[in-house]
C-alpha cells in the first residue's frame, strides 16, 4: 500500500524533497491512515511532517476525546501536533454560514496560520477514493459540467495535497485495523440526514450491488480522465479570455469576434467573465450563459438581467457585462498611480488589468534597444522627466503631441480616428510624465519624450495584460 | 409543447424542408407521441411522414395487439405504415446476440430497407429526456469518459433524429392522455430484472426525492454541455490522428512526436487507433491507453499485449499497433492496383490510406502547370507510358533513376539515406508506369518520365491522405 501511495504521489507530483507538510488530522480512520503513511514514507520522500487538529466543540465530550486521542497519537510518534479550539456553532451563527462551511473556513484559517508562522509549505488532507466517488455523484445530481465531474483534485495550487485519494475506504480501514491504530469514529457519518451519507449508505451500495462491483474505482478513473479534458479546455479558454475580454473598472467587454470560436470554449469564457466580474463564487447556470450567447445575435442596446446583480448588454455586437443599477459613467470612479522619478529604478506597477514594468538603460545603442518591439514596449528619454511618473485613465480635454508631429492633438480625436469605441477608451491606461501625456498605452507615444541620439538615461516601459 | 419540440428541432438542425421521415413506431407512449407531434407539425416543417413497426414476436398475443393498434392508428391518421414480423428469439439464438441487440439490429435493417426502397431520408426515434438521463447514469455506472456522458445525440449522421429528446416522460404521458391516444403499454418496463428499469424505478426516483426534484432535466443539460466539449476535443484529435498515425496494411504506426501533445488529445488518438485497427467495437479501457503511453517511454522492442488480439510495440520511440500472432512481414500480403493507360482520363483511385487522383493536361505551359506544389502533386510525360499505370507497395530489389541522375539507385538505399524506418517503408505507395517506378510517393520521382518542353500530354497526379 505504501507503494501505491508513493506512485500516486509521484504521478501527480504532489511532494518534493524538503517539503514541510502539515497533516490535517481529525482523528478519524482516513487522517490517521494518512498520518501513518506519510510517517512511514518521510525518509524516502525526504520531508518533515507535523499535524494540526481543530476542535470544533460540536459533539460534546466526543470532541475532547478526539482531541486527546490526536495529541497522544502524535506524541507517541514523536510528531509535533498543533491544536486549537473554535466554537463553530457560535461562528456559524455569527457568519451566517452552515456549520459545515464555518468548520471548513475555521480549519483552513488555522492551517494557514500555522503554515505562515511555522514555515510549512503544504497541507495534506485525507480524502480517499470513496470521497471522490461521492463528490462526483453529488455534483452530478446537483447539476454540473466537465469541471465538476473531475471531482477532487490530487492537489490545489501546489499547497493542498491529497496523497491517499487513490485508496478506497476499505483499504484505509484495513490498514488502520492491521496496524491497530484504533482511530476515532464520527457517529454522524451513519446518519442519513446528511446528503453525503445518503450517497455513501444508499446510492453507492445500490450501484455496487446492481451494476458494478467496482463502482468506486470506476468513478475515480472517470474523474481522472475528465480532469485532463477539463484542464486542456480551460487552458484554451484562458487564451481566448485574454484575447477577447477587456476588464474595465465598472464593466467588462466581451468582443463580438469571440462568438466565431468553438461554443465549448466560448461558454467557458462567458462563465469566467461573469464569475470574475461579480467577484463572488455565485455559480451562474448554463441558461445564463446561453442567454448571453443569444444576446450577441440581437440588436444593439438589448439587455438581459442575470442573477447576482449582474446584467449584460449588446453594444454593437459586443457584450458588456455590468451592474444592474449603475450607469456606465466611468468618469465618476477614476484611479491614478503616481510615482516619484526617484522611485522608478526597476519597478513594477499594477494598474487594473495591466502590469507596467519600468527599467533604466544607460546610453542609446542598438544592442540594448530595439525600437520595433510592438505597441507594448516603448522607450523614453528619462532625463526629460522632472518630478513624477503617473498612470491613469483618460480625462476630458486630454491632449498629446503625437510622435512625428509638432502640434498637439485631442485624445478624443485620436480615438475617433482609430475607431475605438467610447467605452473601450475608458480602459486604456495612460502614462504621464509631470502630468503631460507620454504614452497612450498601446495606441500612440508623444513626440516630447522620444529618444534621440543624445539620450543618456533611457526609460524602458513594458506593459503586459495580467493573465487569467 | 409543439413549440418546445419545434425549437428543439431548429436548435439542433434536425429537419429540413422536404425531408421524408420514417417514424419508428412501437405503439408505446413515446412513439405515439412522436407520431402525433410530427403529424401536427408536418405542414409547418414541410415534410412527409410514414411509420414503420417491427413485430418482434416476443410477447405472445400482446405483440399482435401492438401491431393491430399501430396499423389502426396510422390508418385513422391517413399515414402509411410499414409492418414486418421477425422471430427475434430465433434470430437471437442464431446470431448469438442478446435479444435486445438482435431486436435492435432487426429493426434498423428493416428501417434501412424502407429508406432505400421507398425514398425516405431520415428515421425518427422516440427517445425522451428520461431515456437520456437513464443512459447517462447507466454509462456512468459502467465506466465511461466524456463521450459516453454526452449520452444520446439529437441526431446521428443526419439520418437518425430524435425530435422529442427534449420532452420528459411526464410530458409525453400527459400529452397522450390529453389527446386520448391510448398507447400500448409494455409491461416488462416495470420488471426490475432489467438494469434499465432499475435506474428508472429505483435510482432516479431516489435521486429526485433526496437530491434534486429536477434531476432528469439536470442530467440532460449536463449531457448537452458535455457533447459540445467532446465534439470539440474529437475534432482536435482527428487532426492529430491524421498528422501522427500511419495506417499500413498489417499494422498502424503512431509517431513518437504525438506524445508531446496534450494528454487529453493523445489518449483519444490512441483509443481511436486501437478501435480502428482492431476493426471492432471492442471498448479499450483507460488502462490500455495508459499502457501505450507508458510504452512510449520504454526501450525499443518492448511489447505490450492488449485485448482483442492486439499488441503494441515500441520501435525507436514510435508505437506500432499490430496483431499478436502475425510477424510484421508485410511482403507476404501485398496489394497492387493496375489501370490500363486508356482508363486514366480523370480518375480517382484509393490505395490504403491514400486517394490518388489522375488528370490529363494538354501541353506544357506555366499557367496550367506549377511544378512547385510540394511532395504530393507531380507531373509526368503521359506519352512515355506504353500500357499501364499501377500503384503498389515496395518490393525487394526495387530501383529508380532519381530525377536529375543518369544511373539507377536501389530504393533501399534511398530509404536509408533519408533515414526512413524499415516498417514505414512498407506503407509508402509507389506509382509505376509499365512496371517501372515513376514516383516513390512523397519521396522521389524518376528521371524517366519527367516533363520536358516537348511534352504534349501531361499526366497530373495528386495524392491525398484519407481523412479520419
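Placement of Cβ uses the backbone N, Cα and C atoms for every residue, glycine included.
Listed in TrEMBL:
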- B:26, B:27, B:28, B:29, B:30, B:31: ATP binding site (BINDING)
- B:389-461: domain 'Lysidine-tRNA(Ile) synthetase C-terminal' (DOMAIN)
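Overlay of TrEMBL annotations on the structure.
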{"residue": "B:26", "record": "ATP binding site", "Cβ within 10 Å": "20"}
{"residue": "B:27", "record": "ATP binding site", "Cβ within 10 Å": "24"}
{"residue": "B:28", "record": "ATP binding site", "Cβ within 10 Å": "17"}
{"residue": "B:29", "record": "ATP binding site", "Cβ within 10 Å": "22"}
{"residue": "B:30", "record": "ATP binding site", "Cβ within 10 Å": "24"}
{"residue": "B:31", "record": "ATP binding site", "Cβ within 10 Å": "24"}
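The DSSP breakdown of the domain 'Lysidine-tRNA(Ile) synthetase C-terminal' (B:389-461), given as helix, strand and coil counts, is 11 helix, 26 strand, 36 coil. Restricting the average to the domain 'Lysidine-tRNA(Ile) synthetase C-terminal' (B:389-461) gives a pLDDT of 90. Look at residue B:29 (ATP binding site): DSSP puts it in a helix.
Other than the site residues B:26, B:27, B:28, B:29, B:30, B:31, same-chain residues with C-beta atoms no more than 8 angstroms from the centre of those residues' C-beta atoms, the ATP site, are B:25, B:32, B:33, B:34, B:126, B:183, B:184, B:186.
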